[in-house]
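Here is what TrEMBL records for this protein:
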type	residues	note
COMPBIAS	449-473	compositional bias 'Polar residues'
DOMAIN	3-227	domain 'Nephrocystin-3 TPR-repeats region'
REGION	440-473	region 'Disordered'
REPEAT	129-162	repeat 'TPR'
REPEAT	237-270	repeat 'TPR'
REPEAT	279-312	repeat 'TPR'
REPEAT	321-354	repeat 'TPR'
REPEAT	363-396	repeat 'TPR'
REPEAT	405-438	repeat 'TPR'
Amino acid sequence: SQDRVTWRSADELPWLFQQQGSKQKLHDCLLNLFVSQNLYKRGHFAELLSYWQFVGKDKSAMAAEYFDSLKQYEKSCEGEENMICLADLYETLGRFLKDLGLLSQAVVPLQRSLEIRETALDPDHPRVAQSLHQLASVYVQWKKFGNAEQLYKQALEISENAYGVEHPHIARELEALATLYQKQNKYEQAEHFRKKSFKIRQKATRRKGNLYGFALLRRRALQLEELTLGKDTPDNARTLNELGVLYYLQNNLETADQFLKRSLEMRERVLGPDHPDCAQSLNNLAALCNEKKQYDKAEELYERALDIRRRALAPDHPSLAYTVKHLAILYKKMGKLDKAVPLYELAVEIRQKSFGPKHPSVATALVNLAVLYSQMKKHIEALPLYERALKIYEDSLGRMHPRVGETLKNLAVLSYEEGDFEKAAELYKRAMEIKEAETSLLGGKAPSRHSSSGDTFSLKTTHSPNVFLQGQR
């Protein structure tokens, strides 16, 4: 049932079956189409492949079983809502097979997804354009450029009718056509479409925010009159916080700052300065200061938020983990490595309490702490952390998993810095074997993975821009 497959169950259940060595249960779990869809859409491509390898199936067998499972599921589908869901499943399978390099097999589910959407929705619906775009991209990779051009042009026409000629979706279709013409050495046509795409993206960048944000702001505007009257309530404070977050997402930092400060002041008056909601406001203000490069101020606000959350929340609460993570990153960025160490250690503790000591998330936290020690030249402290992380990754994900390879590379750098060149070479060779095996499995194309395998010590770590502030606790 789609309703019962959450991101957590899709992450945990296959992993638990693998830990038990229950190949049949893992196989049945993977053939739950919603589990596989959840994993693939959230970037866990490598994990999904490693599970299929564990049950002993190659790419072709895996593709055939997914397709059979989908055909069986289709027999039970009735009604528009279920058919739209079915089209999404077919599209996910097609994209997955394309990423595996199985181009002829990928066409079939993508074509079926297109047919269902044209019937269940409307031939001019934006989701139909999405199907056309995905199918065209397979033909491009297959070097069937004539087929791809026709499909991209259909997608462009539908998108222009649905969104207007200056919407970012149009830029995507124009860019796809430009790339297609470039591959055929039709440089004049490629340049024409690329310029049109660039102009649209330029205009979109100037328009701060997005349509969803503006829609929410319009709804919230009705409440502003009451807010300006100074009515102090927890609900109004929450609304102010949400408005601050929305303005932040539109890069309107000064207005965001005003709303977030008003939210904090109201929460302190109504709820008291030690309430968890105050910590949320402090955390959001800290993220804003970080964005404005006001690092000292951000540090003070994160520290206040952490103090409240440590006293008010459970040791493994997600909000506590969030503040710990971002304050630790800030300390590291500011060069305050000694202050960062206890927070990275706390992150390990939180993950152990949440997931148990042998979970890959714990290994990731161990790697991050080890990288920090390595940067401090405390190699003796870093080594056992790397080794423990490596053992967890190997036991839970398999000896040829990409995360194992990344950890081996970190260990290789550590051995090199310690002067043990022979061991460094051996570790690096193992890491490269894993990388080559992964590339070979994917037909010469390594996937993009969104799941973190921790920091990499051999590369300079940069602090990514603040992700979203916290709209809800």
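The backbone N, Cα and C atoms fix where each Cβ goes, glycine too.
Unlike curated entries, TrEMBL annotations are predicted automatically.
According to DSSP, the secondary structure content of the repeat 'TPR' (279-312) in residues is 31 helix, 0 strand, 3 coil. The repeat 'TPR' (405-438): residue composition by secondary structure is 31 helix, 0 strand, 3 coil, according to DSSP. Look at the repeat 'TPR' (129-162): DSSP puts its residues at 31 helix, 0 strand, 3 coil. Within the model, the domain 'Nephrocystin-3 TPR-repeats region' (3-227) shows a mean pLDDT value of 84, rounded to a whole number.
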